[in-house]
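If you check Swiss-Prot, you get these features:
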type: BINDING; residues: R71, S72, G73, Q84, V88, I89, D90; note: substrate binding site
Amino acid sequence: MHRRIEARIVDARLGSEIPLPDYATDGSAAIDLRACLDEPLALEPGQRRLIGTGLAVNIHDPGLVGVVASRSGLSLKHGLRVAQGIGVIDSDYHGEIGVILAHDGTEPYTITPGERIAQLLFQPVVQVTLDYVSAFSATTERGEGGFGHSGTL
């Protein structure tokens, strides 16, 4: 499936000094987001920083959401991840996409201007209306069993 979404450059370095966000390969599910920085930024272990990407999008369709996710290589090799697990870009948000990076590694890491820091993918959304009830209309075998209640193997 392919859709067109309007994108706006909000940092003049994007597209000149810093490559435009794009899919790395034909089979990539997500667009790489790059750090729009004036200079290298050192992250110490345990530190979090909000990093601008220079990009804004107009998803427009409430049936789509932008999802900002960690890059596996940065997480595995350096302990850098999107701080809140994922970032959600709502269809009506038009501001610059920022990435909150958390550093879980043991050594300082320096982010360079233009470095790929996260990935942006687009997913369908189903909005629901919650019907508040005192008891559910159906029961399940699991019931209210929480973590670990579905088995170990």
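Keep in mind that glycine also has a Cβ here, set from the backbone N, Cα and C atoms.
Locations of recorded Swiss-Prot features on the structure.
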residue	record	contacts (Cβ under 8 Å, 6+ apart)
R71	substrate binding site	D32, L80, R116, I117, A118, Q119
S72	substrate binding site	none
G73	substrate binding site	none
Q84	substrate binding site	I100
V88	substrate binding site	V65, G66, V67, V68
I89	substrate binding site	V57, I59, V65, G66, V67, V68, I97, L120
D90	substrate binding site	I59, V65, G66
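Residues R71, S72, G73, Q84, V88, I89, D90, recorded as contacting substrate, have a largest CA-CA distance of 26 Å. G73 (substrate binding site) falls within a helical segment according to DSSP.
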